Amino acid sequence: MDVLLANPRGFCAGVDRAIEIVKRAIETLGAPIYVRHEVVHNRFVVDDLKQRGAIFVEELDEVPDNNTVIFSAHGVSQAVRQEAERRGLKVFDATCPLVTKVHFEVARHCRAGRDVVLIGHAGHPEVEGTMGQWNREAGTGQIYLVEDVEQVATLQINQPENFAYTTQTTLSVDDTRGIIDALRERFPAMQGPKNDDICYATQNRQDAVRDLAKRCDLVLVVGSPNSSNSNRLSELARREGVESYLIDGAHEIDPAWVAGKQHIGVTAGASAPQVLVDGVLARLAELGATGVGELDGEPESMVFALPKELRLRLVD
């Protein structure tokens, strides 16, 4: 039995930036630092930041006045930003810049009076933040959420000749393409972004899993259950005809999964750290894996800047 690693896998530039913002805010300002929502969807990362002095909350009313709060990588609505300003909270914004790009698109369409269809998963914090960019006082249009092709068939849009679509950044590329095609068939005048809203890291990791699935008879995806992009990776592997499981770490591997397997693929969602992958490799070695290889993959060199106030580290 051998192991093949997907490439790329694990942290993306937006996740790296978000985690570093929390660490440096604690380092610079001292604990505790409040973070609205899990800064990224990974249990190991969140627990580590809690130990450093981060306090995770779901709503701003859990943050004492005049304290510091960090917005998660998933972004927040304009209402949340306004509440933070009203209450005098110091804000560090860890929203992924690629999510912010989608926010700007929605706001621009709103000002232009267009209707907007957001393709995404209801209840996901990124979707809530993006829907919350819509200012009903600034435009005459409406915003609609579509989750699947079936919903397109019954979608009623006020301005079918004057609307655009945007998407959540962590969706299945294949599923999203199907929804866009269905929308365009029903509404030929639909406008879209110049470039896909699904982020480069999501695309690259899905391409890598597709390659992995061709060579393996089992694919393990390291990521937490609430991670959208990690779930999409495991779903994609299964869609490609390969047995696949989403695991938070090595402790969740069932020995029965690997029994009789020849080639085991391992990847990690964009919010899962390499240390968890290392643990999975060690556990697979205990279960009989004798070699580890790595696929060639799309190089990633993107780096997102930190807030100016956090760019210089304190020196002990």
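Here, residue 1 is simply the first one shown, and the rest follow in order.
Cβ coordinates come from backbone N, Cα and C, glycine included.
Just so it is clear, the model here is predicted, and its values are computed rather than measured.
Per Swiss-Prot, active site, proton donor is recorded for E126. In the three-state DSSP reading, E126 (active site, proton donor) counts as helix.
Counting only residues at least six positions away in the same chain, the Cβ atoms of C12, G14, C96, L98, T169, T170 sit under 8 Å from the Cβ of C199 ([4Fe-4S] cluster binding site). Per Swiss-Prot, the feature [4Fe-4S] cluster binding site maps to C12, C96, C199; the stated evidence is sequence analysis.
For H41, H74, H124, T169, S227, S228, N229, S271, the entry in Swiss-Prot reads (2E)-4-hydroxy-3-methylbut-2-enyl diphosphate binding site. The Cβ of H124 ((2E)-4-hydroxy-3-methylbut-2-enyl diphosphate binding site) lies under 8 Å from the Cβ of H74, Q168, S228, each of which sits 6+ residues away along the same chain.
DSSP gives N229 ((2E)-4-hydroxy-3-methylbut-2-enyl diphosphate binding site) a helix state. The Cβ of N229 ((2E)-4-hydroxy-3-methylbut-2-enyl diphosphate binding site) has 26 other Cβ atoms within 10 Å, all protein chains considered. According to Swiss-Prot, the isopentenyl diphosphate binding site annotation covers H41, H74, H124, S227, S228, N229, S271.
Reduced to three states, the DSSP call for H74 ((2E)-4-hydroxy-3-methylbut-2-enyl diphosphate binding site) is coil. For H41, H74, H124, S227, S228, N229, S271, the entry in Swiss-Prot reads dimethylallyl diphosphate binding site, with the evidence type sequence analysis.
Neighbours of the [4Fe-4S] cluster site: apart from C12, C96, C199, residues of the same chain with C-beta atoms within 8 angstroms of the site's C-beta centroid are A13, G14, V15, A73, P97, L98, V99, T169, T170, Y200, A201, T202, A270. Sequence-distant neighbours of S271 ((2E)-4-hydroxy-3-methylbut-2-enyl diphosphate binding site): residues of the same chain at least 6 apart with a C-beta under 8 Å from its C-beta are F11, V15, V40, H41, N42, V45, G223, S224, S227, N229, S230. Close to the recorded isopentenyl diphosphate site, the chain also has V40, E126, T170, N226, S230, G269, A270: residues not among H41, H74, H124, S227, S228, N229, S271 whose Cβ is within 8 Å of the site's Cβ mean position.
Within the same chain, the residues at least 6 positions away from E126 (active site, proton donor) whose Cβ sits under 8 Å from its Cβ are H74, G75, V99, G120, Q168, T169, T170, S228, listed in sequence order.
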